[in-house]
Amino acid sequence: MKTTVKLIITISILLISLTFPTFISHAASALQYFDEGNTLFESGKFEEAIQSYNKGIELDTNIPELYYNKGLALYNLERYNEAIECYNRSIELLPNFKDAYINKSVCLMFTNKLEEALETCNKYIEISPNEPTGYTIKGSIFILMKKYEEALDVSDKVIAMNPNNKYTLSVAYSNKAYALAWLNKPEEAIEVGNKSLELSSDNIDAYIAISVAYSFLGNYDEALNWCDKAIEISPNMPEAYINKSNYLVNLGKYEEALDYCNKALELNIAQNPVHESLILSNKSVALLSLHNYEEALEATEKAIELDPQNSLAYANKAFALNMLNRFDESLVFSDKAIEIDPTLGSAYAAKGTSLFFLDRLDESIEASKRAIELDPKDINLCVQAYTNIGGSLSKKGMYEEALTNLDKALELPLKNPIIFSVTYSNKAFALIGLEKFEEALEYANKAIEADPNNTKGYGNKGVALLELSRYNEALESCNESIKLDIADYTIYNIKGLALEGQGKLDKALEAFNKSVELNPDYKDAKDNIQRVSTKLTIKRVLIIFAIFALITVMAITAIILIVLKKRKAGTQSSNPPMPEPFVNYDELNQK
């Protein structure tokens with residue numbers, strides 16, 4: 001699955017202090033509540049601060065700073081939509097209130113309204129063209145929009161401005177590190193990320209950016225290390241736990257990945273629906289890897305309910321439906337993900353898988369290639385995409401080209417055995433097509449070793465063993481697969497062939513019939529039924545003929561014996577016994 005990167009943008013919070021004319025009694029009261037709210041705000045008591053600001057607003061609805069500071073309190077509670085409403089009112093009352101524009105831009109960014117966030121940020125820059133803060137936030141927005149070249153340019157602009165605020169400069173460097181990582185320059189990204197930390201060692205973005213860069217190098221252990229550093233500085237930051245869960249999935253540590261997703265959910269204290277949706281999307285990845293497909297589907301559906309614009313949730317739902325063999329439904333949700341975010345590589349990878357199983361092979365290849373184009377540094381995704389391409393080419397009978405793509409997948413430094421299991425299985429299929437049965441058997445065994453629940457691995461093993469005339473072993477492999485997925489119609493077809501090889505035609509016919517029962521359109525099984533039925537008919541005719549011939553022979557033999565017996569009996573009654581011959585004439589003379 002696609003590694004999810006959620007940027008942590010830290011902004012300087014500006015609390016506005018006001019003076020009011022003393023002769024306006026209600027304004028003085030509003031000022032009192034304003035100051036009270038600020039004191040509560042500075043103590044971290046944001047709910048109480050909001051109550052004080054509300055009391056001030058009740059007394060005077062035309063003070064922009066009251067709405068602004070209320071917006072800041074709501075921002076800290078991650079109630080971004082309410083904060084945006086407050087900033088809008090501030091701007092309505094004070095059209096050039098630049099700080100309201102920049103903070104509104106950040107809230108829009110966190111609610112994934114990126115075009116509007118960019119427009120609002122540009123308004124801030126228009127008011128204050130020489131202040132680096134606007135360009136820094138603009139760089140962050142560009143990263144979320146996946147406009148990495150633009151993010152790089154605007155980050156360099158901030159660096160060239162050399163702001164006095166070290167933290168602002170640090171964020172510019174961390175944004176640049178993100179952009180470089182996604183522009184396929186992970187080594188340079190790590191160097192720039194470290195420069196960011198030299199300026200501000202508590203810039204969480206820099207740690208996360210470096211971790212992303214290491215993940216793109218396939219070094220998930222080091223990526224985890226940098227996530228841990230971020231967590232050490234900010235233990236309550238759910239985004240670091242989300243990324244950590246993704247790296248653990250890539251290392252095949254699924255249970256641990258699930259634990260970190262649950263930890264992130266616990267830390268979503270404000271119950272921000274956008275954050276919770278993102279966390280559930282990532283949780284579904286761990287559940288998929290643990291073969292908990294129904295739970296994964298449930299997690300994605302909850303994520304979509306919380307944030308209907310979460311493209312990743314739709315893509316992950318498509319993956320879950322694929323694993324449940326609901327390919328037509330899966331296609332609907334991968335297309336929905338692409339509609340929301342046309343640059344989401346994982347959506348194209350999920351679509352490629354659906355199209356593969358629907359035998360729309362050229363479309364599957366096209367979608368999988370698009371996934372690689374969009375996210376060439378996402379190792380997990382690229383392995384899946386190359387595997388889909390290899391599988392589709394094998395189905396088209398283009399086995400050599402299939403092997404080329406499957407080997408590209410196997411060359412990538414992925415440590416997720418579940419995905420590689422599918423790649424091994426598809427390679428076994430291609431090798432069977434090339435009649436390299438011993439080598440096919442080797443890769444089928446690798447598929448099963450990587451994922452003992454891979455039914456296709458057992459199926460390809462069964463086919464390889466069939467071609468090697470090792471029928472008993474082929475039958476064992478089929479039975480193992482049936483234990484895992486009793487609804488796999490192809491396995492029953494292979495089982496039928498193994499039984500046929502053993503000469504057990506009646507049992508073979510049962511297996512073929514089961515295959516057609518599961519898939520009435522499965523031509524191979526239908527052809528096998530016809531062939532075995534013909535064999536059985538011939539066998540039965542031959543048996544009947546043999547029985548008839550045996551009966552005929554037995555009847556003729558019986559008749560012959562009766563005739564001989566009668567003949568012998570007739571001879572004895574018409575010819576009395578002859579006297580014994582004399583031994584010699586002397587005996588006769590004596591008598």
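Glycine residues also receive a Cβ, built from the backbone N, Cα and C atoms like all the rest.
As given in TrEMBL:
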REGION    570-591  region 'Disordered'
REPEAT    30-63  repeat 'TPR'
REPEAT    64-97  repeat 'TPR'
REPEAT    132-165  repeat 'TPR'
REPEAT    204-237  repeat 'TPR'
REPEAT    238-271  repeat 'TPR'
REPEAT    277-310  repeat 'TPR'
REPEAT    345-378  repeat 'TPR'
REPEAT    383-416  repeat 'TPR'
REPEAT    421-454  repeat 'TPR'
REPEAT    489-522  repeat 'TPR'
SIGNAL    1-27  signal peptide
TRANSMEM  541-564  transmembrane segment
Intrachain residues whose Cβ lies under 8 Å of the repeat 'TPR' (204-237), provided they are six or more past its termini:
3, 5, 7-10, 170-171, 173-175, 177-178, 180-182, 184, 186-187, 189-190, 193-194, 196-197, 243-244, 246-248, 250-251, 267, 269, 377-379, 412-415
Spatial neighbours of the repeat 'TPR' (345-378) far in sequence, C-beta under 8 Å, 6+ residues away:
1-3, 181-182, 184, 186, 216, 311-312, 314-316, 318-319, 321-322, 325, 327-328, 330-331, 333-335, 337-338, 384-386, 388-389, 391-393, 395-396
The repeat 'TPR' (238-271) in contact with the repeat 'TPR' (383-416), cutoff 8 A, at least 3 CB pairs, sep 6+:
yes
Chain residues outside the repeat 'TPR' (383-416) and at least six past its termini with a C-beta under 8 angstroms from it:
218, 220, 249-252, 289, 345, 348-349, 352-353, 356, 359, 361-362, 364-365, 367-369, 371-372, 422-424, 426-427, 429-431, 433-434
In the same chain, who gets a Cβ under 8 Å from the repeat 'TPR' (277-310) while lying at least 6 residues past its ends?
1, 4, 6, 112, 238, 242, 245-246, 248-249, 252, 254-255, 257-258, 261-262, 264-265, 268, 316-317, 319-321, 323-324, 340, 416, 418, 453
